[in-house]
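Residues or ranges marked as region 'Disordered' by Swiss-Prot: 1-30, 104-123. Sequence annotations record features per position, and here Swiss-Prot assigns compositional bias 'Basic residues' to 9-21, 110-123. Positions annotated as 3-methylthioaspartic acid by Swiss-Prot, on the basis of similarity to another entry: 89.
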């Protein structure tokens, strides 16, 4: 426990809150170009082939982002828009690709939560 004199000399420093998506630089979304599109397996209790892409952002950073929804049309050099939000069972994946924006197509035959997957309203 510091004395009052010590606190006068050197006051307490507030804790610095670090962003969980630092490469976004405070932006809600960022544009980037896919450098590699591949599948990877999740952590221990889960089992799947999760679709991810390595994306080079406009600010120069290279991040791994998750491709949500069933099937996608992404390949190398596709221009995508990413948002923050990690995938809990994929280490190092801290971003999501937005579907239905730029080169990414929306999910076909999606009926519920369509706005999350860039799907148009079914007729």
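Placement of Cβ uses the backbone N, Cα and C atoms for every residue, glycine included.
Within 10 Å of the C-beta atom of the residue listed as '3-methylthioaspartic acid' sit 15 other C-beta atoms, taking all shown protein chains into account. Across the compositional bias 'Basic residues' (110-123), DSSP helix (H, G, I), strand (E, B) and coil residues number 4 helix, 0 strand, 10 coil. According to DSSP, the region 'Disordered' (1-30) comprises 9 helix, 2 strand, 19 coil.
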